[in-house]
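Report on the following structure.
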């Protein structure tokens with residue numbers, strides 16, 4: 001990777017995927033203080049505080065509305081990219097984060113819980129636009145194009161099948177999501193911003209990476225593929241390639257892009273409805289549905305959103321919980337790096353099957369440890385180990401492989417619709433878990449984790465029986481395997 005390409009990769013990752021990870025975990029540490037603020041504001045307005053049920057409902061909405069914003073953002077991103085390009089779409093998304101940071105930062109001074117909820121929704125809108133829908137494709141589009149080793153005309157992907165960077169860059173967003181979660185956990189420590197007076201600042205720190213992205217992104221050229229294929233700007237694409245690849249001879253890359261442009265011009269893109277009715281790709285579509293829904297319903301969002309509550313119920317001393325949480329975040333980053341550097345050696349299937357199985361076993365382990373912790377106090381540490389196992393299993397495979405597999409299971413004509421289906425399910429299931437988990441925990445107690453256990457194991461079985469290995473295979477080869 002050349003320095004300009006590495007720089008823009010880190011900049012986009014910092015302001016998109018890392019920001020998404022930060023917003024996933026940032027509400028965990030100040031949960032008690034936010035609830036206290038809601039209760040005090042409600043008492044000032046109406047003369048009485050909130051009952052535990054309505055308070056839990058209001059806080060669950062604060063946590064989960066982030067996903068509803070993400071759903072809306074992911075559905076609008078195509079229009080933004082078509083109109084402004086990927087750089088422009090990311091810049092406009094960064095402006096939203098500045099607005100959201102202002103809402104959340106001044107919410108306590110203005111005594112408005114609504115501003116916290118609106119700010120969370122806007123940050124979700126940004127993540128839907130930037131992280132899930134632009135960041136991954138942006139990295140792929142910026143990557144140096146390797147010559148195909150039998151990719152075939154039906155498989156149009158910015159990185160050729162034989163390139164060992166395709167899997168690495170496909171998992172790059174998940175690495176920065178893990179880093180964002182880790183930074184949120186570190187900043188939430190009592191010695192830093194984990195006190196009552198600092199929680200609005202902790203929530204509004206999202207403006208820092210967004211501001212950096214907004215200021216620096218214009219220093220880099222637009223994606224060469226976007227300039228040539230979408231705008232037919234050969235001169236601009238050539239200049240961008242000179243900058244990114246650091247070589248004066250880019251004619252071979254330009255010719256390959258022109259060939260892709262000619263191929264795409266003859267392809268009629270299918271709609272979501274056509275994709276769902278197309279019997280020739282029904283198993284691929286079902287696989288995208290199962291894998292993307294399973295990724296969010298695996299319980300990972302419950303772990304990220306409510307880590308401190310889970311550890312508190314497991315009997316971990318309150319004073320040790322923030323540091324235990326940071327430890328899980330560090331392990332999360334390491335697991336993500338392991339997956340990133342081994343995906344091209346091990347393949348997609350082993351990583352994602354092992355990840356879901358590990359998550360399922362550890363979810364059952366949490367249930368057992370919670371049931372036995374009264375008789376065996378050391379079981380609380382088993383709970384911590386199981387949480388670490390869930391996070392590690394997720395980051396090694398299920399965190400990034402579904403995005404990569406969605407691209408590899410479909411030809412270009414079906415791929416955008418498949419991304420819409422997978423992305424929409426991702427956000428809807430994210431909202432469902434974030435909103436329902438506190439009530440599930442109150443009603444089912446320790447047994448609530450068996451729901452996640454069952455989902456993880458069922459998804460792992462489905463992948464083992466149905467989904468083929470996609471590493472170094474063309475769409476035609478994958479389609480024949482499904483047939």
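Positions of Cβ are set from backbone N, Cα and C atoms, glycine also.
Source: prediction; values computed, not measured.
Taken from TrEMBL, the feature domain 'Major facilitator superfamily (MFS) profile' covers 9-471.
Annotated transmembrane segment per TrEMBL: 6-34 (among others), in sequence order. Within its own chain, the transmembrane segment (6-34) has Cβ neighbours under 8 Å at 59, 62-63, 66, 90, 93-94, 97, 116, 120, 123-124, 126-127, 130-132, 134-135, 138-139, 142, 172-185, 187-189, 194-196, 199, 202-203, 205-206, 209-210, 212-214, 216-217, 220, 244, 301, 304-309, 322, 325, 329, counting only residues six or more beyond its boundaries.
Packing against the transmembrane segment (55-77) from elsewhere in the chain are residues 23-24, 27, 31, 34-35, 38-39, 89, 93, 113, 116-117, 120-130, 132-134, 305, 420, 423-424, 427-428, 430-439, 442: each is 6 or more residues past its ends and has a CB under 8 Å from a CB in it. Residues annotated as transmembrane segment in TrEMBL: 55-77 (among others).
What TrEMBL lists as transmembrane segment is 165-186 (among others).
Panel annotation: around the transmembrane segment (198-217), residues 8, 11-12, 14-16, 18-19, 22-23, 26-27, 29-30, 33-34, 37, 87, 90-91, 94-95, 97-98, 100-102, 104-109, 116, 119, 123, 126, 187-188, 192 of the same chain, lying at least six beyond its termini, place a Cβ under 8 Å from a Cβ of the stretch. The feature transmembrane segment is assigned by TrEMBL to 198-217 (among others).
Same-chain residues lying 6 or more positions outside the transmembrane segment (286-306) and placing a CB less than 8 Å from one of its CB atoms are 24-25, 27-28, 31, 63-64, 181, 352, 356, 359, 363, 387, 390-391, 394, 398-399, 401-402, 405-406, 409, 418, 421-423, 425-426, 429-430, 432-434, 437-438, 441, 449, 451-452, 455-456, 458-459, 462-463, 466-467. As annotated by TrEMBL, transmembrane segment applies to 286-306 (among others).
Distant neighbours of the transmembrane segment (321-343): 25, 28-29, 167-168, 170-172, 174-175, 177-179, 181-182, 185-186, 188-190, 194, 307-308, 311-312, 351, 355, 384, 387-388, 391-397, 399-401, 404, 471; these residues of the same chain sit at least 6 beyond its ends, with a Cβ under 8 Å from one of its Cβ atoms. Taken from TrEMBL, the feature transmembrane segment applies to 321-343 (among others).
If you look up TrEMBL, you'll see 350-372 (among others) marked as transmembrane segment. Remote same-chain residues near the transmembrane segment (350-372) are listed as 291, 294, 298-300, 310, 313-314, 339, 342-343, 379-380, 382-383, 385-387, 389-390, 392-399, 401-402, 405, 445-447, 449-450, 452-457, 459-460, 463-464 (criterion: CB distance under 8 Å, separation of at least six residues from the stretch ends).
Taken from TrEMBL, the feature transmembrane segment applies to 378-405 (among others).
Sequence-distant contacts of the transmembrane segment (417-440) (same chain, at least 6 residues past either end, Cβ-Cβ under 8 Å): 56, 59-61, 63-68, 70-71, 74-75, 128, 132-133, 269-272, 274-276, 284-285, 288-289, 291-293, 295-297, 299, 301-302, 305-306, 309, 402-403, 406, 409-410, 448, 451. Per TrEMBL, the feature transmembrane segment maps to 417-440 (among others).
Tertiary proximity for the transmembrane segment (446-467) is limited to same-chain residues at least six positions away from its ends with a CB under 8 Å from its CB atoms, namely 283, 286-287, 290-291, 294, 297-299, 302, 349, 352-353, 356-357, 359-361, 363-364, 366-367, 370-371, 405, 437, 440. What TrEMBL lists as transmembrane segment is 446-467 (among others).
Across the domain 'Major facilitator superfamily (MFS) profile' (9-471), the model assigns an average pLDDT of 82.
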